[in-house]
Amino acid sequence: MTAAALLQWALASVPEIIVVTGACVLLIVGELVRKGRDDLLLWASVAIVLLAAVATLMLAGEMRPAYAGMFISDRFAVFFKLVFYLATILTFFLSRKYAEIEGIGRSEYYVLLLFALVGMMIMASAIDLLSIYVGLELMVLCTYVLTGFLRKERRSNEAALKYVILGAVSTAIFLYGVSLIYGLTGTTQLDRMAEAVSGGPLDPALLLAVVFIVAGLVFKIGAVPFHMWVPDVYEGAPTTITAFMSVAPKAAGFAVILRVFLNPLVEASNAWIIVAAIAVATMALGSFVALVQDNFKRLLAYSSIAHAGFAIFGVVAGGQDGIASVMLYLLIYTFMNLGIFGAVIMMRNGDFSGEVIEDYAGFAKFHPGLALLMLLYLFSLAGIPPTAGFFAKFYVLVALVERGFVALAVIAVLLSVVSAYFYIRIVMVIYMREPERAFEPALTPLVSATLAFTAAGTIGIGLFPAWFLRLAQQSAFGG
């Protein structure tokens, strides 16, 4: 191996190297920082992510394969990495006051988030099943620990334990599928797997391998029938980690799914039939079960399941438009979901948690401006025009109709109507109920900035959806 080749590999992975190096340095520096200087850890973490973002943008102009065909830096990976950076920085901002209240603002909290970010970055650039596994495990190992970070709370420990056990099972299923693929094709690289379907019928064992890989991946995005961990983990984890897990790891899971599912091997296996069934079941379960939830975080967990189902419809559509619709959906979902979680986090003040929907009764009478922001996020999540959430769903539906999946588009619309009810129910509690007590949100400058930024993103994409769709199309394969 020549020095020039090593240099090319290093250049392709500069953003990952920056975050790993920064996280290691932060881990050491964190032990030297005096208690009460958490701001230093926060801004150092933000600086690391921003530096990685600059490096990523510098790589956006060309395609750089690396590590013997296991890793690539292309526009598709750049798009997803920018979504990860956005979600991570906003999570840092939301964590400042919340971490202080909960007593979790130690350096390892930020370091684990950074290493989870590295795992997601690897997943976005991975073009080999083994490198996908490495990124996947780095991400989930960090989120396992972060889920149980409230060590004195039983539900946090319970959530972490459930997540670890079910996550280990899903990983084993995924690895079994990978081993079958390697045994039957002699490779784990996605592009070389296509050679297995050239000429002749598809081996039934390959179909089984595809099913195992599909099962392992849909667990990571919380899709049916591997959704059972989502409600308990989202409810038990620290709210900032719940917010992070609801957007960033989900986007990373979809990045892998788009790379894997649109491979000729998977397309030849007619796996889209399985994926379509998963999409319908996921959206239906998330929408109907959310109707009876009283806990805000648990409701948002089922909301997350329903949104995952809708995004999977874009995977079923396939093609460049289908890919672009999923990418745009995930970008918009990052803004509106972090926004609504930011509203929940700002309610955490003293002995008031804001995790029960009834806690928001009459909120508009005390804080009309903040209530208006919550209204914006909830309407966007429901897909009500002219918010960004409407266009996220609209472009997925367009991709479905253009590919001839009209029945699936109709099902998606009907289930969206069902899901709109539980969002409007929260709006009614905020605006039409009498307040039970007076409360003051923990509205720090960083939380305020996060709410303002996510609101601007939700409104901005709603006003100029075509521009962001073109960005997603240019970032999609072959764009």
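For all residues, glycine too, the Cβ spot is worked out from N, Cα and C.
The transmembrane segment feature in Swiss-Prot is assigned to 9-29, 40-60, 75-95, 110-130, 131-151, 164-184, 206-226, 272-292, 299-319, 326-346, 404-424, 449-469 (among others); the stated evidence is sequence analysis.
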Point to revise | Same-chain residues near the transmembrane segment (272-292), Cβ under 8 Å, at least 6 residues beyond its ends | key: 211, 214, 218, 223-225, 227, 261, 299, 302-310, 312-313, 315-316, 318, 405, 408, 411-412, 415-416, 418-419, 421-422
Review point. Are there residues at least 6 beyond the ends of the transmembrane segment (449-469) whose Cβ is under 8 Å from a Cβ of it, and what are they?
Key: 90, 93-94, 324-325, 328, 331-332, 335-336, 338-339, 342-343, 346, 370, 373, 376-377, 380, 385-391, 394-395
Review point. Are there 3 or more C-beta pairs under 8 Å linking the transmembrane segment (131-151) with the transmembrane segment (75-95), counting only pairs at least 6 apart in sequence?
Key: no
Revision key, fill the gap. Best-packed against the transmembrane segment (404-424), counting Cβ pairs under 8 Å over 131-151, 299-319, 326-346, is stretch 299-319
Exercise for review: Please give the sequence-distant neighbours of the transmembrane segment (326-346): residues at least 6 beyond its ends with Cβ less than 8 Å from one of its Cβ atoms.
Suggested key: 79-80, 83, 86-87, 90-91, 94, 97-98, 239-240, 242-243, 246-248, 250-251, 254, 258, 296-297, 300, 304, 307, 310-311, 314-315, 354-355, 370, 373-374, 376-378, 380-381, 387-389, 391-393, 395-396, 441-443, 447, 450-451, 454-455, 457-458, 461, 465, 468-469, 472, 475-476
